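Engineer: Mind looking over this structure? Questions follow.
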Amino acid sequence: MEKYINELNEAQKAPVLHKDGPLMVIAGAGSGKTRVLTYRIAYLMSLGVDSFNILALTFTNKAAREMKKRIADIVGTSEAKNLWMGTFHSVFAKLLRFDGDKLGYPANFTIYDTQDSQRLISAIIKEMGLDKDIYKYKQVQNRISSYKNSLITVKAYYNNSDLVEADAMAKRPRMGEIYQNYVDRCFKAGAMDFDDLLLRTNELLTRFPEVLAKYQDRFRYILVDEYQDTNHSQYLIVKALSDRFQNICVVGDDAQSIYSFRGANISNILNFQKDYDNVGMYRLEQNYRSTRNIVNAANSIIAKNTNQLEKVVWTSNDEGPLIKVHRSPTDAEEGRFVSGTIFEEKMQNQMPNGNFAVLYRTNSQSRAIEDALRKRDIPYRIYGGLSFYQRKEIKDVLSYLRLVINPKDEEALKRIINFPARGIGQSTMDKLTVAANHYNRSIFEVMDNLDRIDLKINSGTKRKLGDFVAMIKSFQIMNESADAFTLAEHVAKKSGVLLEFKKDGTPEGIGKMENIEELLNGIKDFVEGQKELADAKGDIGEFLEDVALATDLDKDTGDDDRVALMTIHLAKGLEFPYVFIVGMEEDLFPSAMSMNTRSELEEERRLFYVALTRAEKQAYLTYTQNRYRWGKLVDAEPSRFIEEIDEKYVENLTPVVRSRYTPLIDVDIFGDVDKSKLRQNKPTHGTPPSGIKPNENQLRKLRKLKPELSTPVGNTNSVDPNLTEGSLVNHTRFGRGQVIKIEGVGNDKKAEIKFDKGDIKKLLLRFAKLEVL
Ligand SMILES: Nc1ncnc2c1ncn2[C@@H]1O[C@H](COP(=O)(O)OP(=O)(O)OP(=O)(O)O)[C@@H](O)[C@H]1O
Ligand SMILES: [Mg+2]
């Protein structure tokens with residue numbers, strides 16, 4: 001162990017060697033907080049602390065796995081496997097499997113993902129006969145989620161007149177009823193949503209002192225990474241569990257708090273010293289990750305925030321190259337700059353793809369980058385967006401499996417009761433739902449007791465329902481002895497799902513079939529991995545839990561070499577030698593939705609700080625002058641954050657355009673092209689997790705689906721180069737007009753034209769079909 005302790009600097013050693021009692025490490029990015037947490041666990045184990053007595057909470061399950069590996073390297077035993085380590089959600093899901101029965105949940109409860117929750121909420125809104133334009137299911141789901149994260153139960157909601165009034169003001173007086181119905185339906189289905197995993201844990205620990213005592217005794221040492229982004233519910237769990245032994249170690253950086261929109265509460269860090277006695281406070285100042293230019297640039301940014309703890313970050317690393325800023329005319333060209341730069345760096349320095357990351361503010365920005373990377377045959381992986389497990393065909397198979405584990409799972413049942421079609425229609429389902437609500441039973445139980453209740457269902461349909469129940473029961477019997485792979489393969493075949501797509505015969509159907517095959521391969525890998533673990537069986541229940549709780553990063557096993565594309569939020573805690581931060585534009589980053597208050601703007605700035613500090617060697621900031629947003633090309637203006645970096649650390653690759661306020665003008669680039677066609681070319685986001693990759697065929701299909709938007713859609717050659725202000729022109733769709741103004745050069749040249757019909761339009765000349773008269 002001593003050898004390993006020497007891999008730490010003096011400031012890092014202190015918290016690692018800290019004796020019992022609470023401690024907090026507050027330090028800037030890249031200063032070794034995560035390393036300290038990892039080494040402290042190893043150190044505790046080397047002192048003889050039983051690995052069963054340690055609980056570590058991380059931002060992703062992948063981070064937990066990596067930490068375990070590192071700890072096993074250091075302490076040299078397989079004991080690391082026994083550590084309880086993972087995200088809040090996965091750790092407490094496990095706890096609820098053991099003790100959730102006290103709250104009335106079965107040990108095999110289903111975890112509803114966001115899509116399941118939203119489908120259920122929409123069904124409830126419909127059943128209650130409410131206007132779906134006022135009660136928007138996504139908004140309703142958001143509200144319910146935020147109540148749960150603040151531990152506001154239905155009863156507490158009704159007792160809180162502020163909340164009730166706020167919903168009434170928002171023309172949603174029946175929010176409370178929806179909330180109540182939603183909670184009841186989840187409970188009846190034996191299901192918990194993501195927020196329940198924390199809410200129910202809190203409930204369990206408060207209502208059952210003996211359960212609390214058991215886990216307090218078990219988790220004698222609790223460690224939390226990224227503490228700045230814990231929400232109220234998480235805070236209370238940690239507080240309760242650590243109350244007896246007070247061996248709580250939290251590490252974090254208030255400057256990297258970026259999840260307040262999801263209820264993360266920075267005061268958890270600020271109040272830590274008040275919450276515990278004799279807190280050991282530690283600060284780390286030396287950054288080991290990044291060049292001096294990057295560290296200094298990041299410092300100059302975050303200094304602009306008024307609301308923060310004082311911190312010093314310095315590095316003894318090389319100065320490194322300056323931060324490069326690049327402007328492109330459009331997002332397609334921005335993509336080309338990124339792919340071209342990666343290509344050159346790879347060529348010149350023989351670098352793997354995994355050394356590069358492209359970070360953006362919103363998922364939709366990935367499309368242009370993907371197109372450009374594909375053109376250069378650079379492999380990449382997108383994290384976030386629509387995940388593999390959300391695809392219809394995958395969810396269909398998973399729904400059968402969910403039903404095997406928990407036949408009460410209503411969302412799973414509704415998905416597949418008539419897929420593949422077996423003649424069970426909506427009216428039958430409505431009758432079953434009414435009966436289920438009436439008898440307070442699940443739909444499956446009603447189906448299983450049809451001979452005992454008269455639902456006016458004809459004998460043919462009854463037989464079909466009976467066959468379905470028998471099929472699920474046969475899968476259940478098989479599940480008693482089979483591993484996840486064997487069962488899943490059997491279910492995919494016997495349910496008829498595979499055959500359905502095979503019969504379909506279209507390229508889409510075949511693609512779906514291939515995806516299911518890849519799912520099965522993924523399950524096989526999973527089973528093999530699980531069997532190596534101390535307490536795992538590799539059954540389907542374990543697999544479903546893994547799928548439900550995997551964060552997007554967790555699907556990366558790092559076994560193939562790809563450029564990483566992800567949102568900045570997801571990049572927290574990670575590092576890459578080369579980082580591109582794209583879309584550095586006002587209204588995009590900072591986001592248009594986050595500029596109303598100083599605190600929102602400061603959160604955007606912290607987000608930029610997180611982005612920049614992911615880079616080890618080189619950071620690129622790119623922005624465009626025109627961006628295709630919401631189906632329109634809009635003028636863009638460089639982000640204020642670019643100007644906020646001390647200019648000593650920045651090199652402009654393109655001539656500087658000073659930021660100025662320009663109102664957004666819609667530029668109609670497409671002239672007479674049918675826009676509805678263009679809109680169909682939306683990218684399908686999300687590449688599948690590793691082991692589940694699109695094959696060449698599918699990739700070819702994808703490529704065909706995505707036209708290069710920067711290639712002219714109209715006829716570029718029809719514009720007379722002598723077009724000047726005052727020229728009379730004819731446009732195939734808008735008719736005759738006169739040029740009032742010309743601006744921009746080259747590819748960017750635009751003309752403002754007053755058409756005889758009265759409209760004034762700005763057209764990008766390389767796209768517009770204009771004839772000079
Ligand atoms: N004493 C050290 N000697 C050498 N390398 C170190 C040392 N401490 C940390 N590092 C390396 O520096 C990098 C950053 O460390 P780490 O990820 O632990 O920082 P962090 O404070 O958790 O960053 P973030 O705030 O981004 O989460 C890692 O690659 C880590 O291995
Ligand atoms: Mg970290």
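For all residues, glycine too, the Cβ spot is worked out from N, Cα and C.
Pasting the relevant annotations from TrEMBL:
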type	residues	note
DOMAIN	6-291	domain 'UvrD-like helicase ATP-binding'
BINDING	ALA27, GLY28, ALA29, GLY30, SER31, GLY32, LYS33, THR34	ATP binding site
DOMAIN	292-573	domain 'UvrD-like helicase C-terminal'
REGION	676-697	region 'Disordered'
Engineer: Per DSSP, to which secondary structure element type does THR34 (ATP binding site) belong, with helix, strand and coil as the options?
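Structural biologist: Reduced to three states, the DSSP call for THR34 (ATP binding site) is helix.
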Engineer: Look up GLY28 (ATP binding site) in the DSSP assignment and reduce it to helix, strand or coil.
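Structural biologist: In three-state terms, GLY28 (ATP binding site) counts as coil.
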Engineer: Return the residues near SER31 (ATP binding site), defined as same-chain residues 6+ apart in sequence whose C-beta is under 8 angstroms from its C-beta, sorted by sequence, else 'none'.
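Structural biologist: Once residues fewer than 6 apart are set aside, SER31 (ATP binding site) is near LEU284, GLU285, GLN286, ASN287, TYR288, VAL313.
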Engineer: Taking only the binding-site residues SER31, LYS33, THR34, which have a CB closer than 6 angstroms to any atom that belongs to ligand 2?
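Structural biologist: Result: LYS33, THR34.
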Engineer: List, in sequence order, the residues of the same chain other than ALA27, GLY28, ALA29, GLY30, SER31, GLY32, LYS33, THR34 whose Cβ lies within 8 Å of the centroid of the Cβ atoms of the recorded ATP site.
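Structural biologist: The answer, listed by sequence position, is ASP253, LEU284, ASN287, ARG289.
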Engineer: Find the average pLDDT over the domain 'UvrD-like helicase C-terminal' (292-573) in the predicted model and report it.
Structural biologist: 90
Engineer: Sorted by position, what residues of the same chain at least six away from LYS33 (ATP binding site) have a C-beta under 8 A from it?
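Structural biologist: Listed in sequence order, they are VAL25, ALA27, ASP225, VAL251, GLY252, ASP253, LEU284.
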Engineer: Are there residues of the same chain, six or more positions away from GLY30 (ATP binding site), whose CB falls under 8 angstroms from its CB, and which are they?
Structural biologist: ASN287, TYR288, ARG289, SER290, VAL295, VAL313, THR315, GLU575, THR613
